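Participant: Before anything else, here's the structure in question.
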Amino acid sequence: MGDSNIYNTIQSEFNNYSINQNLNITLNISILSTLNSTISFVNFGSTYIPEEDVEKFNKNIFDPLCRYNNKLIGFPMRVGISVLYSNKELLNKYHKDIPKTWEELISTGKYILEEEKKINNTDIIGYNGLFSDSESGFCSVYEFIYSYRNSVDSPYPEFTSQEAINALKMIKRIKNEISSATTSTTTTTTTTIIIIIIIIIIIIIIIIIIIIIIIIIIIIIINNNNNNNNNNNNNNNNNNNNNNNNNNNNNNNNNNNNNNNNNNNNNTNNNSNNTNNTNTNTNNTNTNTNNNNNNNNNNNNNNNNNNNNNSIFLSDDKYAIDKIFDKSAIFVKFWLYQKPVSENLSYYISTVPGIEEGINGSVICGYNIGVSNRISEENKDAAIKIVKYLISDEFQTKIVKDDIMVSLVPKIYKDEEVCKNIDCELYNSIQFCARTGNKYMHIDDYITRFRKYIFDYLYGEKEASYVLQKVEDLIKIYYISLDPKKSYIGLISFITIIVLMAIMGLSIVFLFFENFMPFFDFLPDGFWIISILGSIIILSSCLVGIGKISIIGCYYKFISLSFGFTLSVIPISYKLHISISVSNNFIRWINRHKYLYLLFFVLIDILIYCLLYFEIYDIEDVVVNDGKNFQRCKIANTIGNVVLYMEFAYKFLIIALILFLSFIDWNINSIYYDLRLVTGVIYIDIILLTIYFLLKIIKINNFKAYYYIYECLILTFSISNYILIYGIKVIIAFLKKQNVKSTFINKINDKFINNKTTVMSTNISNQITSNYSTTYNTILKTNVYDQSENDDNQNESTISSNNRKSTSSSIMSKIMICHYSTETNELNKNREVSVLYKINETN
């Protein structure tokens with residue numbers, strides 16, 4: 001039944017139902033396409049459609065066809081299924097059964113083709129395949145692979161599985177062995193061409209021989225004339241000689257003539273032999289030419305066969321329809337015809353074969369019916385009533401019983417009344433296969449690429465495993481897996497990260513070893529632990545890159561990198577603050593409240609993290625042409641970009657603070673080498689953070705490269721912070737194998753004595769300087785007082801600018817004084833003594 005008749009039937013059936021039920025609804029069907037409609041999905045199922053009306057459909061087919069993102073978007077209205085048409089006349093003629101497997105289809109097809117060839121029936125084809133460059137071709141490949149599953153209950157085979165590879169090989173085998181309409185014709189044509197070529201070659205050989213003979217005769221005649229002329233000249237020249245000489249000469253001439261004649265004869269014979277050899281070579285050449293022509297003809301015939309096979313396999317729906325109605329095919333794969341067309345066909349209709357009897361596959365195609373969200377509530381209610389009627393048992397049973405359409409309600413095909421009118425056994429034996437789309441690309445794009453890859457094998461030179469891997473790449477998301485069967489990268493990375501984290505964590509114990517304590521006087525023990533913990537947290541973010549990407553993983557990576565950086569470097573800024581040579585109330589407060597100082601920076605991070613409530617992250621599907629798709633974290637909205645830029649700005653402010661403090665403390669003797677290491681850490685962090693930020697802008701479309709680059713950056717970030725801040729001190733402590741306690745005590749004693757002497761001399765110097773300063777200031781004040789009255793007006797005009805310059809100059813002077821200072825303030829004077837006290841406590 002044509003499409004228009006089907007839709008007219010649906011329309012009239014509902015309108016009659018509406019009149020009988022007094023619904024006051026009239027249905028007018030309009031065909032929609034992407035050109036005259038818009039697409040949006042709203043889940044009306046749970047609100048308008050009873051659950052029992054949904055559950056009665058075949059769930060395995062209904063869900064892929066009618067649900068999108070777990071939303072009910074429609075119901076199956078027009079359903080088409082593919083079947084096998086088998087030529088009744090030919091099967092009965094040769095006593096063959098309808099094939100149930102692909103092997104049976106090949107053997108039956110080959111047998112009938114050979115038998116028909118014997119009676120000169122060269123217009124028949126074995127099997128059309130319907131592997132066209134259209135949606136039908138996609139469906140044919142898809143259901144063929146489904147027919148190669150291991151059992152009836154087995155799921156659809158993986159595209160990279162052996163079942164799928166075997167299916168493609170069988171498709172190509174069918175194409176090469178029975179999908180040819182020109183088998184016998186090609187053989188006859190080839191024989192005729194060979195005979196004609198042989199005749200032409202013989203004629204050419206005869207012509208060549210005649211030409212060679214004529215050339216030889218001409219050469220002989222020319223040679224004889226030349227010899228006679230030479231003899232006459234010799235006779236004339238010798239006439240003045242005596243008779244004996246003449247006689248001798250005549251005899252010699254005769255002998256020469258005889259010899260010449262003999263030589264000429266020999267030459268003639270040789271020429272004849274050469275001619276014969278030439279003829280032989282010509283024959284050989286002709287034979288080779290004949291063979292080459294035969295080979296070329298065979299190649300051309302093979303190419304013609306392949307082209308014919310390809311043209312049959314690539315044929316469209318029209319070709320299949322023509323073959324069904326002109327009965328010029330043994331087997332045809334096509335969509336199911338309904339009554340009354342199916343009743344008048346000269347073909348048996350059966351399920352498409354499978355790898356073994358009892359296994360088959362048929363792709364479902366067709367159209368769904370849904371409700372537009374862009375209509376009034378009144379029309380929406382009317383549309384819901386129409387949908388309810390069209391999916392009702394009453395309507396579904398009627399269209400099946402009258403063989404108008406196929407229904408996806410299984411119980412209908414068990415109704416005895418229905419089965420009296422249709423072949424319920426056929427419908428119940430068909431194993432439906434719903435084609436799945438691709439959520440990563442448009443369905444049309446997916447189908448086009450799918451066909452392209454498969455056809456590269458069927459009609460090209462690519463391997464089956466290669467093209468199936470390409471098909472798998474279209475629907476698969478790749479990621480770094482812990483499964484060693486897929487790759488060792490994930491497992492090796494995981495073990496490496498865990499081992500490094502364990503080494504960092506266990507290295508904390510060196511803080512409590514007596515001989516190691518003096519090497520860790522740069523920071524308090526608590527801050528050492530916090531800094532190491534920061535490096536561990538940074539390193540832990542690498543674990544997020546292993547396995548499938550998740551939203552939680554995106555947030556954890558952001559927080560771990562940010563928070564880990566804060567914990568890693570803020571203890572350093574604390575030390576640099578309290579090491580400034582000039583002490584003030586702020587520095588003294590930091591020294592007394594170091595953990596509050598740290599908490600201040602942590603709270604800023606937490607405030608920024610509060611903005612994560614707005615769900616700033618989403619997972620982006622990266623679809624790679626002719627590559628491997630993967631996923632990555634993506635900023636979902638403007639707030640996300642604001643949070644990201646705020647966090648980067650905050651981290652660079654911390655870096656700027658540490659660099660500024662490093663400049664101020666640059667020449668402090670007690671932290672001289674530590675400060676160089678800290679500066680190295682900061683510069684490395686600047687480089688790595690800049691690269692990390694730039695990579696967020698640059699799109700990397702290779703999932704392995706994406707993983708390697710980001711994880712190497714984070715790994716370098718964490719390890720460099722750990723080694724340059726803490727790890728290098730552990731290494732130095734190991735290298736200096738000595739009694740640090742006694743050495744350290746002597747060092748403290750020496751410093752104590754030197755400091756005492758220095759303090760005494762400093763006091764005397766300060767007293768002298770103070771007395772001098774007092775006298776000088778008194779004299780200066782007197783002079784200034786004497787001149788003050790004369791200069792008041794002039795000083796008032798410049799006092800404001802001098803104050804500003806004085807303030808600016810004062811700040812810069814203090815910074816430079818601190819920069820060139822070599823001694824820290826009094827807050828750090830007793831640091832080494834406290835370390836010694838801690839050493840004594842451990843004993």
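Each residue, glycine too, has its Cβ placed from N, Cα and C.
Heads up, here are the entries from TrEMBL:
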- 797-806: compositional bias 'Low complexity' (COMPBIAS)
- 233-309: region 'Disordered' (REGION)
- 787-806: region 'Disordered' (REGION)
- 193-222: transmembrane segment (TRANSMEM)
- 488-513: transmembrane segment (TRANSMEM)
- 525-549: transmembrane segment (TRANSMEM)
- 555-574: transmembrane segment (TRANSMEM)
- 595-614: transmembrane segment (TRANSMEM)
- 648-668: transmembrane segment (TRANSMEM)
- 675-695: transmembrane segment (TRANSMEM)
- 707-735: transmembrane segment (TRANSMEM)
Participant: Tell me if the transmembrane segment (555-574) touches the transmembrane segment (648-668). I count contact as 3 or more CB pairs below 8 A, with pairs 6 or more residues apart.
Facilitator: yes
Participant: Hey, would you say the transmembrane segment (525-549) packs against the transmembrane segment (675-695), going by three or more CB pairs under 8 A that are 6+ residues apart?
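Facilitator: These two segments do not touch.
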Participant: Any contact between the transmembrane segment (488-513) and the transmembrane segment (595-614)? By contact I mean 3+ C-beta pairs closer than 8 Å, pairs at least 6 apart along the chain.
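Facilitator: No, the transmembrane segment (488-513) and the transmembrane segment (595-614) are not in contact.
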Participant: What parts of the chain pack near the transmembrane segment (595-614), using Cβ distances under 8 Å and only residues at least 6 beyond its ends?
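Facilitator: Contacts of the transmembrane segment (595-614) (Cβ under 8 Å, skipping residues fewer than 6 from its ends): 526-527, 530, 555, 558-559, 562-563, 566-567, 570-571, 574, 577, 637, 639-640, 642-643, 646-647, 650, 654.
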